[in-house]
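Undergrad: First the structure, which I've put down as structure tokens, then a few questions once you've had a look.
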């Protein structure tokens, strides 16, 4: 059949699987169509390589076809269209490596691949998600298998089994552990966790004694186990039992390389240094032969010493005491020492142990046996014949084997003993109703050398595989018969011949047992018998070619070659009987217990040399009278019997299969080795399941699923109303061969490959449709493009032509203008040239005249200037000389005056500006220094300039002189002509003058050069200073900018911090509110549990009259609904006091009344003492005000002692009362043990306990008040007014400020003229500015201090005035209190006296010290409050005792009058509500409604067609009447009965949403009425004057408002729970499964799990169902008058449940993670939002709760390829956690071939980008969260007098007043 399909589909581009040596199977694609008869296939591999695949000439088998991509990664392998080995292997690899999914269904088998990594998929949230779900509805998981087993056990009343198998290291033990954890969590019992803890506590023990390191696993289980978890009739765990199989005893004495012995030995060696293990004389594991053979005694990451502590702790948890633990460790250590006992040859036939062998000595000491006996029987054996018995020595090899056999035998006994004790600890205490077994056993094994162990293991797997095949075959048959499909026998592999080969008569085991009975039987002779018996008769038995000591058996999984060596020895498993007898004579009790039922298994021929391994099977318990033959069963026989028992147990249960796969041998996480995987798949039966399914009709669709998927292949005329007929007609057209499919009752069955064919037709149809759509769209796009181009071309032509026309006209116009321009130019040029010539002539004449005039003027001016020059020169020289002398003199005077002023200024600066300099230490000092330096340089520059000017002036004078002299010399020269004799002298004088002139010129040049150089230096220095000044300014600007930025940042930071703090506070408030409401929920659950238990007790036993006391010591602050009140006991006594007080003596009542009188007298004396002590205290405070704190502490201590003494006195009085009662034990009813006596004793004990509680509360309040008082005193000290002089005095400590202030005064005294004179150098101005700044600073500080002082004075005056007013008000209240009853009058007089004494003390203090008066006033008032609170608490205690006595007196009077009524059990167990203290008020206003006390005013149910909140209004009006008549008992009774009745109704009808909503609305309205009419101004703002008149007049019910608020919270939570129960079944179906948009999402093929769900479909819910239900909820709450704010909170909680449940299921269902499903979810969410808009609830916060679901739906639809897509996803999915995002991406599954999977690289990119997110690793949302509820005050505008009570309510006992 498969070849026929392959030949049909093997065309171009078809994909196939071809064998490969490395990857087992490789994917390839055909490049050429296949034709029948071709011998080769032309293929292209995935890496692009072209190959030719040759077909087998004999079989002509074509390669396997690949499944469509949309089927790859399916949850169930049976959903694949092509069912074969490569498809299974590829599907598992894709799920494991790409999607990180370790679980996959294969029909009824769960395939679990070990990830070698801890995964967050086993938490309690995952367990809750799988609980109650059908197996095919969720992704594969071990929890789904466990849920299926648990559900079938409860539904079918049939025991279940979970068979977990696989190789070592595949994860069998972990899978079994998680299955047990699931059972313990979902069973719902109170003690199931303890059972699970015990089972899990047994794991360390069983791992220590049964696990070891192998080459494949560091913690390999070397035994199999079957754990039965027992359940009671309510399917709660009650116990467990463990059975073990196949313990590998040979590991005790032999280990291969890189392996270890059992962990317990290494743990003992690692703990040998501890004191408790010193006597074991152990050391390192390397020194013992039993632990060093593997040569690797250490496991990486494992601390054997710590593991030893864990093992010891587990022993203790399971009830194994320290004595037995010590004995176990002794036996285990003795085994190690026994392995080191060295046996030597004496001769060829005998052996000997050297004397005083150290290890044997230690062995005998630990085992409590004699050294001689043990050493003798280790080297000898006893032979028995018919006549005699003799002892024979044995050779060394046999002695060594006997030693090893003894060690293994002892260890097996220890193992069995521990298992027995574990079972005793886990044994159920009640009768077991059913159980679920978990089998953890080896899978099929084949190694290079296979021996007896592998033979037994594979034999067990053959039996299990047979059972598995029969179960699968049975399920297939049932499915076919159920669907009424013609049943044809399916040929499947039956391994019964292999089983017969092993266990039948003359089979392998039978021949082995026969050979063991032979005297000289051996492995070789047994092998020959096997060859002779089976080699020619059985095809499954073969003989190796190269060996005569081995045989081959063809198992179901593979051929296995077994070596015969050691089979007989291991099958016999004998031990020397005399050695056992030596051990039985041990002094160690535990060892005797181990061997008390020892089987006497001996061999007449002794112990023959054997192989390396042995097996031990825990035998079935043998009857005491059994014959000796039953003790001689071989290991094979025992194992066969145990296996038969196991198979019998499994056949009696419904099996569930878990196959564990080891993906690789290197233990790398999520690494898949195809070779290793396919070996295990072949061995565990998964491929056999596939083969059985493929033999029939593996693909199965419901008619609706087929119609939805292949609707595209149908025409409109083919669609009929009958889906079955429609599908039949379509299939007949599409598939011609009717044998390819069958029609069942509800499903269509297809042969293998037909789904792929239909998928191909569907894909082709969709592809053609897409091509046609693309063609049409592309045509439309091209036409639109063409039309746009045509329109653009026409537009361009129009504009071009217009442009050309305009350009021709413009050229003509331009030419005409050009001609005109040149003609006009010629005319104008001629006129211009004529005018130019005339102008030139005129200019020439005029300019000549003007030149002559100018020349004459210049000549005259030159002569006048020459004369002026000489005159002015002479005058200047004269003026310069005078000025020079005056300047020098003036400079001297000015410089002297300036120096004086500078000195004075420096002194002032030193005194006055120092503080200002300190404030600006950095920059100001630097600027001042630079400025000073610049001024000095400028000064030097001016001096140098003046010197230079002086030199120039002197040089000019000298020059003039020289010129004069030269002129004189000329005259003289003329005269010299006349005087010849004077020529020589004149020439010499002239030469000398010339030299002087040259010298003067050189000096002048030098001075000029120096002046130029100095000027350049000064300019450079000034530039540098300017640059530095600019840098300083820049730095200053930068600093100012930085300060501004920092200030802005700090402001933003503070704003942000404030917002975060506000948000945190809101979050903390919500958390605290949620925690409080959760406590209320827990309390309600406990109350319900308590009531259930009481009902059970009432039903199971005869009710007896008695008294039940509510513990009054529970503080009301401790929990939300644990009430403590002075009337808790009296209320119960009033309900059933008739039966309790029938025999009470009246004398007892008189004594109690007398005692009350004494207590009142003591109370009066206590008050007098209090007044005296208070007066003494106040006087002491007046006299010793300075020691007030010490006196106060002394008084506190004294008062505390008085209170303690008073409490002790009360206790003593109560004890005396108790003794007096004991003294009346004659014949009265008050005798000990009588009901009245018990009642009274309970009441007195309650009073004692409450006195203790009050004492503790007094101490706590006192400590709090003292701490608050100290804080207030400290505050008053800090705010004491200080005078300005004191501030000035304090300022003297700051020398800089004082000096600056004094300097400022001196500066102000300076004359104005001096100021102007000193300011010439611009330095004094800076100093003045600094002084002014300092002055303003000091004045600002002084003004601020003065204002604060004035404010404080005003505040203190106001406080004083308020204290006076308070004093007057208190006096008025005292005067008013005189009208109160006697008790209140005494209290009022006491308060008045305390006030009077306080006022007197304050008056004394006011006259002496006003400050002390104020502090004493505050202290006294606080102390008064403290003492009054203490006194009030004592009064409460006394009133409580008095009222209890009144109750007893009343009951006695009723009993005497004969008015005894029978109390029903329901009344006896009626719940009490905390009756709180109700303070009285002094107003009196008329009431409204009165009810009779004998009638019970109780809520009776839900009323309709009435005013919303009518019951609340009626209750409040009754309460107003009770307030009007001032009856506190009536108020308490009314409120208590109302609350209890509401609770009873809700308990009875708590699952009725309408009832719960009705009473939630009325409870809230009643609470609002108590607030609205309480008289509190904060609640009376919206009241009308008439409503204000209706306020309560006598009682303050503030504490009862808290009780009602707690009740409202409980009702709200019950309402949410009720809604959740209604919505829960609708959410997944309506939000995920139902196709709201028809045709968008196509249904993919489903596997066997979906077809065989545990529970039948109960109906399909749609989104419309959810919306209708939400509307029903909303309309019901609106009809009941629920507050709008409360409705918003309810809707928000509803939407959170919808979003959380939908998202959780989306994260656990791979079939729901697709693009089309994302569109469906978004549409559904939009419908929910539309519903919110219709109800005007968009602002209630419900939409925000759907944000995670919305983002998950968007994640399914967005593009998921590039880095930009990853960035967009990270920014978009801010409400989803990283694990949720990765989970959705991993689960994303294409529904159509046009979609693409998400690559692993993209997922890793997402993980890298989201690595820094701080979030919880939880995958699923918590669906149990309930948002904290608040009840905002909502006053009613309804007037109470307008309310009418109709007669239909049957409230005739109500009367309007």
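Every residue gets a Cβ built from N, Cα and C, even glycine.
Note that the structure is predicted; figures quoted are calculated from it, not measured.
Grabbed the feature section from TrEMBL, which reads as follows:
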DOMAIN    11-63  domain 'Myosin N-terminal SH3-like'
DOMAIN    72-763  domain 'Myosin motor'
BINDING   166, 167, 168, 169, 170, 171, 172, 173  ATP binding site
REGION    601-629  region 'Disordered'
REGION    643-665  region 'Actin-binding'
REGION    1097-1145  region 'Disordered'
COMPBIAS  1113-1127  compositional bias 'Polar residues'
COMPBIAS  1132-1142  compositional bias 'Basic and acidic residues'
COMPBIAS  1161-1178  compositional bias 'Basic and acidic residues'
REGION    1161-1191  region 'Disordered'
DOMAIN    1536-1812  domain 'Dilute'
Undergrad: Mind tallying the region 'Actin-binding' (643-665) by DSSP state, helix then strand then coil?
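TA: Taking each residue of the region 'Actin-binding' (643-665) in turn, the totals are 9 helix, 8 strand, 6 coil.
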Undergrad: Using a 10 Å cut-off on CB atoms, tell me which of the binding-site residues 167, 169, 171 is the least crowded.
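TA: Least crowded of the binding-site residues 167, 169, 171, by Cβ count within 10 Å, is 169.
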Undergrad: Determine which residues of this chain, when 166, 167, 168, 169, 170, 171, 172, 173 are set aside, have a Cβ within 8 Å of the centroid of the ATP site's Cβ atoms, and list them as they appear in the sequence.
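TA: For the ATP site the neighbour list reads 114, 217, 221, 443, 660, 662.
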Undergrad: Near residue 172 (ATP binding site), which residues of its own chain have a C-beta under 8 A away, given they sit six or more steps off in sequence?
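TA: Set apart from residue 172 (ATP binding site) by at least 6 residues yet with Cβ under 8 Å, we have 164, 165, 166, 221, 440, 441, 660.
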Undergrad: Near the Cβ of residue 170 (ATP binding site), how many other Cβ atoms are there if near means within 10 Å?
TA: 24
Undergrad: Work out, from DSSP, the number of helix, strand and coil residues along the domain 'Myosin N-terminal SH3-like' (11-63).
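TA: Counts, helix then strand then coil: 0 helix, 24 strand, 29 coil.
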Undergrad: Return the count of C-beta atoms lying within 10 angstroms of the C-beta of residue 173 (ATP binding site), excluding that atom itself.
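TA: So the Cβ neighbour count for residue 173 (ATP binding site) comes to 19.
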Undergrad: Please determine which of the binding-site residues listed here (166, 168) has the lowest count of neighbouring CB atoms within 10 Å.
TA: 168
